[in-house]
């Protein structure tokens with residue numbers, strides 16, 4: 001075969017290979033096009049179903065949390081959540097926080113918390129024992145999850161806060177600013193809707209737990225004035241994030257701070273902290289027109305910390321060990337009361353739930369049920385109430401729940417920071433168990449050494 005014939009033969013072979021390759025590519029493209037057409041057709045057929053589902057979800061997304069039901073009858077408390085945020089924060093990106101609380105809509109429960117603008121085990125966690133700073137913000141994450149930059153959403157700039165859901169949107173209340181002129185910023189669905197200026201210019205502050213909603217209106221209690229003497233206390237009624245009514249309590253010799261409020265049969269009951277002179281807890285109950293009654297829990301099973309040993313109670317402030325205090329809660333059932341309190345009488349350690357069947361009105365110290373929550377050898381802290389509405393649970397009553405803050409770090413431990421994790425429980429009329437669910441983190445961290 002001469003050179004020209006070789007060239008022609010090689011060229012012919014290359015052309016055949018090229019034609020075959022082109023045909024294969026064309027076949028592949030046709031196959032992909034057919035497959036895509038089938039998938040697109042299937043998606044188009046499914047679209048009406050998908051749209052119907054979305055429309056249905058939107059149709060049930062907005063309700064009114066009536067709050068007209070009574071509290072559910074309960075015999076004990078079932079563990080609901082534990083976030084383990086300090087343990088996780090030794091290696092993970094977890095916020096330095098205090099004052100966590102829980103609130104539920106008709107669709108979900110969320111943990112709200114006041115950050116310090118810092119992460120655990122980081123240099124900016126230094127000095128976070130301070131309560132009020134311009135770096136503090138209210139944020140929230142799904143209940144039971146450790147609060148981190150990856151699962152949390154910003155709510156408000158705040159060093160004192162509250163939040164609740166009326167069935168349509170979240171209402172948040174965030175207080176920030178100087179001690180002598182702080183302002184509460186109200187947001188509804190994330191949009192600023194109103195503000196409340198400090199009226200006594202002495203550390204305006206609010207609940208550090210959820211506000212309470214009834215029939216589309218939400219209610220909160222605020223304090224302005226001395227932490228160790230007579231102060232001023234106001235109830236605010238809000239609709240879609242705007243204040244529509246307020247009333248100042250006529251409460252001489254009473255001291256209300258950090259109230260834990262809940263709806264019950266269309267009215268609101270708040271159990272608060274007396275930081276002035278009471279080792280039992282003051283309460284205020286009111287209807288939707290803000291007509292109110294006030295008192296102290298009469299039981300000889302005292303609920304504050306510090307406090308004296310249980311003894312004879314009073315329907316006014318019990319003065320022994322009455323100064324200072326800690327945020328707490330109770331649930332009223334007729335003349336009876338579930339009291340949540342630290343186990344220790346003089347430090348924020350341990351936690352227990354006690355049922356006093358006559359404690360709302362009676363002054364003796366007898367009780368019939370005690371359920372352990374945290375051992376006295378482990379740190380606790382603030383505690384507060386929240387509820388789950390029938391629109392969430394499907395029950396015909398309002399389920400009472402509570403959370404406990406488990407404070408770690410300064411001032412009791414050798415760290416540069418102060419933070420906490422949280423646990424929560426809900427009332428049930430079935431089997432429960434007492435145990436200890438402590439924070440469980442091993443300190444100090446690397447940053448502390």
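Glycine is treated like the rest: Cβ placed from N, Cα and C.
It should be emphasised that the depicted structure is a prediction, and the values quoted were computed from it without experimental measurement.
Annotation comment: Swiss-Prot describes 1-6 as topological domain 'Intravirion'.
Residues or ranges marked as transmembrane segment in Swiss-Prot (evidence: sequence analysis): 7-27.
Within the model, the region 'Involved in apical transport and lipid raft association' (11-33) shows a mean pLDDT value of 60, rounded to a whole number. Annotated region 'Involved in apical transport and lipid raft association' per Swiss-Prot: 11-33, in sequence order.
Swiss-Prot lists 28-449 with the feature topological domain 'Virion surface'.
Taken from Swiss-Prot, the feature region 'Hypervariable stalk region' applies to 36-70, supported by sequence analysis.
Long-range neighbours of residue 68 (N-linked glycosylation site) (same chain, six or more residues apart, CB within less than 8 Å of its CB): 214, 215, 265, 266. Annotation note: residue 68 (N-linked glycosylation site) sits in a coil segment as assigned by DSSP. Sequence annotations record features per position, and here Swiss-Prot assigns N-linked glycosylation site to 68 (among others) based on sequence analysis.
The region 'Head of neuraminidase' annotation in Swiss-Prot covers 71-449.
Residues or ranges marked as disulfide bond by Swiss-Prot: 72-397 (among others). For residue 72 (disulfide bond), the same-chain residues 6+ apart in sequence whose C-beta sits under 8 angstroms from its C-beta are 395, 397, 398, 399, 400, 427, 429.
Under the heading substrate binding site, Swiss-Prot lists 98, 132, 257, 258, 273, 348. A sphere of 10 angstroms centred on the C-beta of residue 348 (substrate binding site) encloses 19 other C-beta atoms.
If you take the C-beta of residue 109 (disulfide bond) and look for same-chain residues 6 or more apart in sequence within under 8 angstroms, you find 81, 102, 103, 142, 143, 386, 388, 392. As annotated by Swiss-Prot, disulfide bond applies to 104-109 (among others), with the evidence given as sequence analysis.
Classification of residue 126 (N-linked glycosylation site) by DSSP places it in coil, neither helical nor stranded. All protein chains included, residue 126 (N-linked glycosylation site) registers 15 other Cβ atoms within 10 Å of its own Cβ. Per Swiss-Prot, N-linked glycosylation site is recorded for 126 (among others).
For 164-211 (among others), the entry in Swiss-Prot reads disulfide bond. Every protein chain shown contributes to the tally, and the Cβ of residue 164 (disulfide bond) ends up with 27 other Cβ atoms within 10 Å. Residue 164 (disulfide bond) falls within a strand segment according to DSSP.
All chains included, 29 other C-beta atoms sit within 10 angstroms of the C-beta of residue 218 (disulfide bond). Feature annotation from Swiss-Prot assigns disulfide bond to 213-218 (among others).
Mapped onto three states, the DSSP output places residue 215 (N-linked glycosylation site) in coil. Within 10 Å of the C-beta of residue 215 (N-linked glycosylation site) there are 15 other C-beta atoms, taking all protein chains into account. What Swiss-Prot lists as N-linked glycosylation site is 215 (among others).
Among the features that Swiss-Prot reports, disulfide bond is placed at 259-272 (among others), with the record citing sequence analysis. In the three-state DSSP assignment, the secondary structure recorded for residue 272 (disulfide bond) is strand. Cβ neighbour count for residue 272 (disulfide bond) (all protein chains, 10 Å cutoff from its Cβ): 29.
Summarising the environment of residue 261 (disulfide bond), the number of other Cβ atoms within 10 Å of its Cβ, over all protein chains shown, is 30. Sequence annotations record features per position, and here Swiss-Prot assigns disulfide bond to 261-270 (among others).
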Far apart in sequence but close in space: which same-chain residues, 6 or more away, have a Cβ under 8 Å from residue 132 (substrate binding site)?
159, 160, 179, 203
Are there any residues at least 6 positions away along the chain from residue 104 (disulfide bond) with a Cβ closer than 8 Å to its Cβ? List them or say none.
110, 165, 386, 387, 388, 389, 392
Site with most surrounding Cβ atoms, counting all protein chains shown within 10 Å, from the binding-site residues 98, 273:
273
Given the recorded positions 164, 218, 257, 259, 426, state which is nearest to residue 278 (Ca(2+) binding site) when distance is taken between Cα atoms.
257
Enumerate same-chain residues with a sequence separation of six or more from residue 315 (disulfide bond) and a Cβ-Cβ distance below 8 A; give 'none' if the list is empty.
295, 296, 298, 361, 363
